[in-house]
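Asks: Here's a structure for you.
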Amino acid sequence: MSRLGALGGSRAGLGLLLGTAAGLGFLCVLYSQRWKRTQRHGRSHSLPNSLDYAQASERGRQVTQFRAIPGEAGDAAILPSLSQEGQEKVLDRLDFVLTSLMALRREVEELQRSLQGLAGEIVGEVRSHIEENQRVARRRRFPFARERSDSTGSSSVYFTASSGAALTDAESEGGYTTANAESDYERDSDKESGDAEDEVSCETVRMGRKDSLDLDVEAASSPAAAALEEDDSSGREDVQLVLLQADELHQGSKQDKREGFQLLLNNKLAYGSRQDFLWRLARAYSDMSDLTEEESGKKSYALNGKEEAEAALKKGDESAACHLWYAVLCGQLAEHEGISKRIQSGFSFKEHVDKAIELQPEDPRGHFLLGRWCYQVSHLNWLEKKTATALFESPLSATVQDALQSFLKAEELQPGFSKAGRVYISKCYRELGKNSEARKWMKLAQELPDVTNEDSAFQKDLEELEVILG
């Protein structure tokens, strides 16, 4: 039994030892597997991160590659498949589009600036027009009162003759307020005395008129009157000599035109009330505007000449020369003004040229000026046409054909009237597609000498026509 007990105890100890060893081994295996799973999980996280970075880098490189090629999204997919020549053509087209857009932007900015300046001019003109109307209304509402005068040449003679003494404030117009504040009895008394004074004064005026008529008859028959008539006739001869000399100097050289201008200025005080003198002075101002090189001088001469032409027109509306030179000076002044005033001057120019042609249809100058106006109007730009339509009820309208007819009429009335006119005829025919006629008139223009500054300025146009027409 003891031996069996010892054997059983030893077996139990061995089983316990084996169980402990197995448990430890199981724990080791379990820990080892868990550690391996942890390591494997860490690698799996690091590997996708590296792959994602590589893929992102690749995508970035692809995007960079696509973005390096200009164009839209579709172009990015197509351009890599194009040849080098095709890609260059596409890029050239894109450059052209960008250049066109930049030019369009500059034009829009310039148009905005022009419209802003035009708006300012319109506002200024409207404001000045309103102020002028207000001044006229104030003048009509508050007319100027007559002032008292003690001189014998004024209406105070009437009161002196009736009363025989100087008037008090209550008896004169200046004392109307004081007299008006008196009683009814006093006003009635004044009315009766005033009626008596009126009767006396009327008789005085009638006697004075009779005496003056008698004096006029005696003066007309006196030797002094005959001397005055002789002086008037000699004065008329003098002014005719001045006008004739001014006409001759106007047809001469530049120095002659300057002398003619000075001649008229020196005689303005003596003959400035005559219409035929004033329009010649306006013509001389036009000559000086052409001869002057400075911009301010040109504008000043044109402005002064326009004022003289206006003064001449106020003395009569039936002078073709007055209308003609007023139109010329309007055109010269318009060259130094803004777009709004230029268009307004264009309407005034056309109006007075038409009037000059109506009064003197055989004068080639009017037809030449009308042709030049039609030619310039037919070449107005878009902004000028829109401005004319916005500011005026009837916009400016003319064609190259209208201009050609007027130039041909001037040439018909006086062949070789103007070298510039023949150049205009050649240009009109060329624009109408009649090159043979244009070539003919170009050669005719080359035969004429330069008479005016406009003729000299058209020399460049003649050279261009010769190159184009051959």
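Cβ coordinates are placed from backbone N, Cα and C, and glycine is handled just like the others.
Values in this document were obtained by computation on a predicted structure and should not be read as measured data.
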Asks: Say a student had to find the phosphoserine annotation in Swiss-Prot: which of SER50, SER128, SER156, SER418 would be the correct pick?
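Replies: Swiss-Prot records phosphoserine at SER50.
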Asks: Which residue does Swiss-Prot record as phosphoserine, given the choices SER114, SER212, SER289, SER319?
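Replies: Checking Swiss-Prot against SER114, SER212, SER289, SER319, the phosphoserine entry points to SER212.
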Asks: Out of SER57, SER83, SER456, which residue gets the phosphoserine annotation in Swiss-Prot?
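Replies: Checking Swiss-Prot against SER57, SER83, SER456, the phosphoserine entry points to SER57.
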